[in-house]
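Have a look at the structure below, then the notes.
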Amino acid sequence: MKAVVFDLDGVITDTAKYHYQAWKNMADKLGIEIDIEFNEQLKGVSRIDSLKRILAHGNQLESYEPAEIERLANEKNEEYKDLIQLVTAADLLPGIESFLKELKAHGIRMAIGSASKNAPAILARLGILQDFDYIVDVSEIVNGKPSPDIFLKAIEGLGVAADEAIGVEDAEAGIEALRSAGIYSIGIGVEGDTTLTSTAELTYELLQKLN
Ligand code: G6P
Ligand code: MG
């Protein structure tokens, strides 16, 4: 094992709650009801596709032109960007800071494979932007998760093979993407090749055991 590829939202930090808050406000405005259970289907899914799923959930998808969908997605993102101004290094999920340090100490290469265009800004706010050897620029990716493309780009960027990497994900779409990429998955609160309940359980020792 030479590398770890990380999802961001819900793995490194709990921005998933801010995505949900911003989508919930948008859905309210559109007269569509969404709850925390429905929100599971939005995790790992791109901004535009998330909005389309919400509109379809409210039987409104046919009522909107692409330009209007774009405008609403931008509006959600403006609120989301305001919310992530609150993010600081204190918002790293349990165990992540020490896990990253351990990986670095053992020469393990690290990448971020997130569907979020806000990923670099969030990593900078968390103070860990420099810790990663490669961050996938999702604007270059055509197919989002569950397609394997984001993670294939991540291992290409790190220069490792799929079987030399381990992926960490909290979303079903992300686990599916890792599986299609041929990368061993650790699911946080979601079933993966290895399933954990919390990021606090992530250690270099655990990775050694999976090898
Ligand atoms: C992650 C999150 C999704 C979000 C997507 C796009 O995958 O889990 O909830 O929709 O990124 O994020 P963005 O910041 O570009 O809107
Ligand atoms: Mg996630």
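Using the three backbone atoms N, Cα and C, a Cβ is placed for every residue, glycine included.
As annotated by TrEMBL, active site, nucleophile applies to Asp7. In the three-state DSSP assignment, the secondary structure recorded for Asp7 (active site, nucleophile) is coil. Taking all protein chains in view, 29 other C-beta atoms sit within 10 angstroms of the C-beta of Asp7 (active site, nucleophile).
Less than 8 angstroms from the CB of Asp9 (active site, proton donor/acceptor) sit Thr15, Ala16, His19, Lys43, Gly44, Ser114, Ser116, Asp170, each of them six or more residues away in the same chain. Taken from TrEMBL, the feature active site, proton donor/acceptor applies to Asp9.
DSSP gives Asp170 (Mg(2+) binding site) a coil state; it is part of no helix or strand. Annotation source TrEMBL lists Mg(2+) binding site at Asp7, Asp9, Glu169, Asp170.
The substrate binding site feature in TrEMBL is assigned to 7-9, Trp23, 42-47, Ser50, Lys76, 114-118, Lys145. Trp23 (substrate binding site) falls within a helix when secondary structure is assigned with DSSP. Within 10 Å of the C-beta of Trp23 (substrate binding site) there are 23 other C-beta atoms, taking all protein chains into account.
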For Lys117 (substrate binding site), the number of neighbouring Cβ atoms whose distance to its own Cβ is within 10 Å equals 13
Could you tell me which of the recorded positions Asp9, Trp23, Arg47, Ser114, Lys117 have their C-beta within a distance under 6 angstroms of some atom of ligand 2?
Asp9
Where the criterion is a Cβ under 6 Å from an atom of ligand 1, which of the recorded positions Asp9, Arg47, Lys117, Asp170 meet it?
Asp9, Arg47, Lys117
Measuring Cα to Cα, how far is Asp7 (active site, nucleophile) from Glu169 (Mg(2+) binding site) in Å?
5
Looking only at C-alpha atoms, tell me how far Lys117 (substrate binding site) is from Glu169 (Mg(2+) binding site), rounded to the nearest Å.
17
Reported as an integer number of Å, what is the Cα distance between Trp23 (substrate binding site) and Glu169 (Mg(2+) binding site)?
21
